[in-house]
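Listed in Swiss-Prot for this protein:
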| type | residues | note |
| --- | --- | --- |
| MOD_RES | Ala2 | N-acetylalanine |
| CROSSLNK | Lys8 | SUMO2 cross-link |
| CROSSLNK | Lys50 | SUMO2 cross-link |
| CROSSLNK | Lys89 | SUMO2 cross-link |
| CROSSLNK | Lys94 | SUMO2 cross-link |
| MOD_RES | Ser113 | phosphoserine |
| MOD_RES | Ser121 | phosphoserine |
| REGION | 139-190 | region 'Disordered' |
| MOD_RES | Ser162 | phosphoserine |
| MOD_RES | Ser166 | phosphoserine |
| MOD_RES | Lys176 | N6-acetyllysine |
| CROSSLNK | Lys176 | SUMO2 cross-link |
| COMPBIAS | 221-232 | compositional bias 'Basic and acidic residues' |
| REGION | 221-306 | region 'Disordered' |
| CROSSLNK | Lys223 | SUMO2 cross-link |
| CROSSLNK | Lys229 | SUMO2 cross-link |
| CROSSLNK | Lys232 | SUMO2 cross-link |
| CROSSLNK | Lys232 | SUMO1 cross-link |
| MOD_RES | Ser233 | phosphoserine |
| MOD_RES | Ser238 | phosphoserine |
| MOD_RES | Ser241 | phosphoserine |
| COMPBIAS | 242-253 | compositional bias 'Basic and acidic residues' |
| CROSSLNK | Lys243 | SUMO2 cross-link |
| CROSSLNK | Lys244 | SUMO2 cross-link |
| CROSSLNK | Lys250 | SUMO2 cross-link |
| CROSSLNK | Lys250 | SUMO cross-link |
| MOD_RES | Ser253 | phosphoserine |
| COMPBIAS | 255-276 | compositional bias 'Acidic residues' |
| COMPBIAS | 277-287 | compositional bias 'Basic and acidic residues' |
| COMPBIAS | 288-306 | compositional bias 'Acidic residues' |
| MOD_RES | Ser299 | phosphoserine |
| MOD_RES | Ser306 | phosphoserine |
Amino acid sequence: MASNVTNKTDPRSMNSRVFIGNLNTLVVKKSDVEAIFSKYGKIVGCSVHKGFAFVQYVNERNARAAVAGEDGRMIAGQVLDINLAAEPKVNRGKAGVKRSAAEMYGSVTEHPSPSPLLSSSFDLDYDFQRDYYDRMYSYPARVPPPPPIARAVVPSKRQRVSGNTSRRGKSGFNSKSGQRGSSKSGKLKGDDLQAIKKELTQIKQKVDSLLENLEKIEKEQSKQAVEMKNDKSEEEQSSSSVKKDETNVKMESEGGADDSAEEGDLLDDDDNEDRGDDQLELIKDDEKEAEEGEDDRDSANGEDDS
C-alpha cells in the first residue's frame with residue numbers, strides 16, 4: 001500500500017499528482033482508489049479526504065494518462081472530476097456546476113441517491129474542500145524582472161480580460177513553469193552525471209597507477225629472487241670447490257706420508273744390507289784368522305817332529 005504523503009510542493013511532485021474530485025468517500029476507500037489508478041503507473045502516495053482524494057505518481061506521464069482515462073468516470077453513483085494538481089480546471093469548486101449521475105445518465109435505480117439533507121451537506125462540504133484546495137495549491141505566476149531604470153515605462157491600455165481567460169493563462173503558465181522545472185532538473189541531472197563521470201575517471205587513473213606500482217613491485221621481487229638464486233648457486237659452487245681443494249690437500253698429505261714411510265723402509269733395508277755385509281766380512285775375517293792359526297800350528301808341529 002502506498003504512503004499517505006501527497007502534499008509535496010516541488011514542481012515535479014505537483015506535475016505528477018492527480019486530484020480526484022466528487023468522490024463518494026463514504027463508499028470508496030483508499031485501497032479502492034489505489035486499485036483503480038495503479039494501472040496507469042506506480043503510485044508512491046495516496047490520501048483520501050472527505051469528498052476528494054489525491055494520487056501521487058512517479059512521473060507526469062502516468063498522471064496525465066490517469067486523468068485522460070478516469071476523468072468523468074462514475075464510481076459509487078458519482079461522476080469523478082479528475083485533473084492534475086498543478087493544472088486546476090476552470091470554474092471548479094463553484095456551487096451548482098457539479099453534475100450528478102442522475103443528470104448525466106438519467107435515473108440510476110441500482111444506486112439510490114442519498115437523502116436530500118445528506119446530499120446537500122455533502123455538496124457543501126465538497127465545495128468547501130475544493131475552495132480550500134484552490135487556496136492551498138494555487139501558485140502565483142512568476143513576477144517578471146523589472147524593466148531597466150534607463151528606459152521609461154509607457155503605460156498602455158489593455159483590454160480587460162475575463163476571469164476564465166486569466167485562469168487559463170495562469171494554468172498554462174503553471175504548466176510551462178513545470179516544464180521549465182523539469183528541464184532544470186534534467187540539466188541538474190546532466191551536471192551530476194558529468195561530476196560522476198569525472199570522479200570515475202579519477203578513480204580509474206588511481207587504479208591504473210596502483211596497478212603499475214604493483215607490476216613494478218612484482219618485477220623487483222622477481223629480480224631479487226633471481227639474484228638470490230644466483231648468489232646461492234655461486235655460494236654452493238664455491239663451497240664445493242673449497243671442499244674439493246680440501247680433499248685434494250688431504251689426499252696429497254696422505255700420499256706424502258706413504259712416500260716417506262716407503263723411503264724409511266728402503267733406508268732400513270739398506271741399513272740391514274750394510275749390516276749383513278759387515279757381519280759377513282767379520283765372519284770371513286774370523287774364518288781366515290782361524291785358518292791361519294791352524295796353519296801356524298801345523299807348521300809348529302812339523303818342526304817339532306823333525
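In case you wondered, yes, glycine gets a Cβ from its N, Cα and C as well.
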Candidate nearest Ser241 (phosphoserine) in space, where candidates are the recorded sites Lys8, Lys223, Lys229, Lys250 and distance is Cα-Cα: Lys250
Alpha-carbon spacing, Ser233 (phosphoserine) to Lys250 (SUMO2 cross-link), which is rounded to whole Å: 25
Length of the line joining the Cα atoms of Ser238 (phosphoserine) and Lys229 (SUMO2 cross-link), in Å: 14
Chain residues in Cβ proximity to the compositional bias 'Basic and acidic residues' (242-253) (below 8 Å; excluding those fewer than six residues from its ends, i.e. six or more beyond): none
Candidate nearest Lys223 (SUMO2 cross-link) in space, where candidates are the recorded positions Lys50, Lys232, Lys243, Lys244, Ser253 and distance is Cα-Cα: Lys232
Which of Lys50, Lys243, all recorded sites, has a Cβ with the fewest other Cβ atoms inside 10 Å: Lys243
Which of Lys8, Lys232, all recorded sites, has a Cβ with the fewest other Cβ atoms inside 10 Å: Lys232
Secondary structure tally of the compositional bias 'Basic and acidic residues' (277-287) (DSSP, helix then strand then coil): 11 helix, 0 strand, 0 coil
The compositional bias 'Basic and acidic residues' (221-232), counted residue by residue under DSSP: helix, strand, coil: 12 helix, 0 strand, 0 coil
Distance [Cα-Cα, Å, rounded] between Ser253 (phosphoserine) and Lys232 (SUMO2 cross-link): 31
C-alpha spacing of Lys243 (SUMO2 cross-link) relative to Lys50 (SUMO2 cross-link), in angstrom: 108
Cβ neighbour count within 10 Å of Ser253 (phosphoserine): 10
Other C-beta atoms that fall within 10 angstroms of the C-beta of Ser241 (phosphoserine): 10
Alpha-carbon distance [Lys229 (SUMO2 cross-link); Ala2 (N-acetylalanine)] in Å: 71
